[in-house]
Amino acid sequence: YVIARSDEPIDENGYFIDDKVTVRAKEEVLVVPVSEVEYMDISPRQLVSVATAMIPFLENDDASRALMGSNMQRQAVPLLKPQAPIVGTGIEYKAATDSGVLPKAKNAGTVVYVSADEIRVRRDSDGGIDKYKLLKFKRSNQGTCINQRPIVSKGEVVAKETLLADGPSTDLGEIALGKNILMGFITWEGYNYEDAMLISEQLVKEDVFTSIHIEEYEAEARDTKLGPEEITRDIPNVGEEALKDIDERGIIRIGAEVRSGDILVGKVTPKGETELTAEERLLRAIFGEKAREVRDTSLRVPHGEAGIIVDVKIFTRENGDELPPGVNKLVRCYIAQKRKISVGDKMAGRHGNKGVISRVLPEEDMPFLPDGRPLQICLNPLGVPSRMNIGQVLEVHLGLAASKLGWHIATPVFDGAIESDIVDCLRKAGYSEDGKTVLYDGRTGEPFDNRVTVGYMYILKLAHLVDDKIHARSTGPYSLVTQQPLGGKAQFGGQRFGEMEVWALEAYGAAHTLQEILTVKSDDVVGRVKTYEAIVKGENIPEPGVPESFKVLIKELQALCLDVKVLNDDNQEIKLKESVDEDADELEVNIEGTENQPEEKEEKEKEDSDEYDDLREEDVEPDLEELSLDDLDLDDFGDEH
């Protein structure tokens, strides 16, 4: 086909003005007479997606950066107070209203009632009432907050399809993913080296980039072999202080402030009868009651989480809720928290210009304009030339002029403002044509050596928040096979010290550091407990032992029928212990991972001891007359075992 460009000039009757027009035909661009044209493009933005069509000055950005800009708009976090961009592309309203998530008037009418969670409209056609329920503080799958706010008022006349409320990230029906921020391209004491961003404390204080996050936690009471689990307030070995916000059902109250480790749902699980110690048997004999054999399996707030309980949902079979097989009761708790912008959060513009916050500076120390306004963000000028996303500079210039003139500007993709338009706007607003101003150092009050590009850029806060990524571990869970710490934040794991990191320490000759990383900090099962004990008691740290992974390696070689012996310097064989139980018994401290080993040892001892050996296979007839039954007390048979 022969296809004409969308911006080819046409008259009011829809005919081409020029005799010859530029067209695309197969792979080439030609100029042909009007009579040969078959089709014409509708709009220059028809060849890009919705997200890409929301980048102003897309034509001035390198393709790879434009791709980043499109992808990062999807990662924007809905903010507390949305704000539409000063410099947009004109598609923001359509993108938001056509998304289908904003409530629109089904029929024309008059608004008769407005509250935070409901709007009622009296229909013009028959006088009936249309009700529109709004979503309030619901959790999205990303853990962000879905909240709708009415934008019509009582008595307002609305036409069909009129927007009634704003949702998350919309401002009066326009998509509003970020904020218009006064920024300058200026370095400041190295704090914007390598794409870092320097922000003003004003953004924290005024909640400019504050967002609400809601986390969901669930506890389920199941049927176990030993009996059903129970959701209750009566939890063994838990003080009253820990239960102060738990109601009589064993569930946390709405509105309670919780920190990591606090109980959300009290739950006990029956455990098998265990061997009682002599002392416990004595106490049982004195007080006669048999305590419930249960252990505490309550749902607690995970490490590093905190917030306020905003909702609790309870599902049971009695209420007719659908539950998975084996589950009797399901409780879901929702914890909300307000997250202000902080060091380590990731932010980005719409042109693929992303960065991490390196420092929050007091307002009075930020560089300021001649009229006294301090900048809100300082970006590195070196982030522009090699990246070839010049669109951000044009956006800043146009934003500066538009904010002074009080305009909102739409500059559509491939069909927007050109250099002369921007210069005209700057001139109209009373700024110099290059868009640069003198900036003063907030600390000394002296002007900087050169004039600086300053203006308004639309900046988004992305979902990569430092609170979700920060992680630390002292002791915690260990892998069963290798006995090494697990990995990752979700498992409360350790940091991986891989092959290459080992080479780095070897190159430095850091032998002791390397030894402790490969043994007591990882999989020397006894050594790590002894080290912990020594640190607690303030003693010297003992010699490390043999790592478990080394024993696993030898076992795998033995599985290949290779007889492997470990020799010392004098060629004497070193016996590797098959099990760590003898040592584990002497330890006074227990860190996770060496649980349950002493019990296994007792059973092993019973099997190994000689007194059982002779009795293994023989059937012995007891001589009943020799047994004196008088000495036996009935209580001796009271114990199940």
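Note: Cβ is positioned from N, Cα and C throughout, glycine not excepted.
If you look up TrEMBL, you'll see 580-589, 608-641 marked as compositional bias 'Acidic residues'. What TrEMBL records for 598-607 is compositional bias 'Basic and acidic residues'. Annotation source TrEMBL lists domain 'DNA-directed RNA polymerase beta subunit external 1' at 1-43. Look at TrEMBL and you will find 105-491 tagged as domain 'DNA-directed RNA polymerase subunit 2 hybrid-binding'. What TrEMBL lists as domain 'RNA polymerase Rpb2' is 493-567. Summarising the annotation, TrEMBL assigns region 'Disordered' to 579-641.
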Beyond a gap of at least 6 residues from its ends, the CB atoms lying under 8 Å from the domain 'DNA-directed RNA polymerase beta subunit external 1' (1-43) belong to 412, 415
Averaged pLDDT score, the domain 'DNA-directed RNA polymerase subunit 2 hybrid-binding' (105-491): 90
Counting by DSSP secondary structure, give me helix, strand and coil numbers for the domain 'RNA polymerase Rpb2' (493-567). 48 helix, 2 strand, 25 coil
Per DSSP, what is the residue count of the domain 'DNA-directed RNA polymerase beta subunit external 1' (1-43) in each of helix, strand and coil? 3 helix, 19 strand, 21 coil
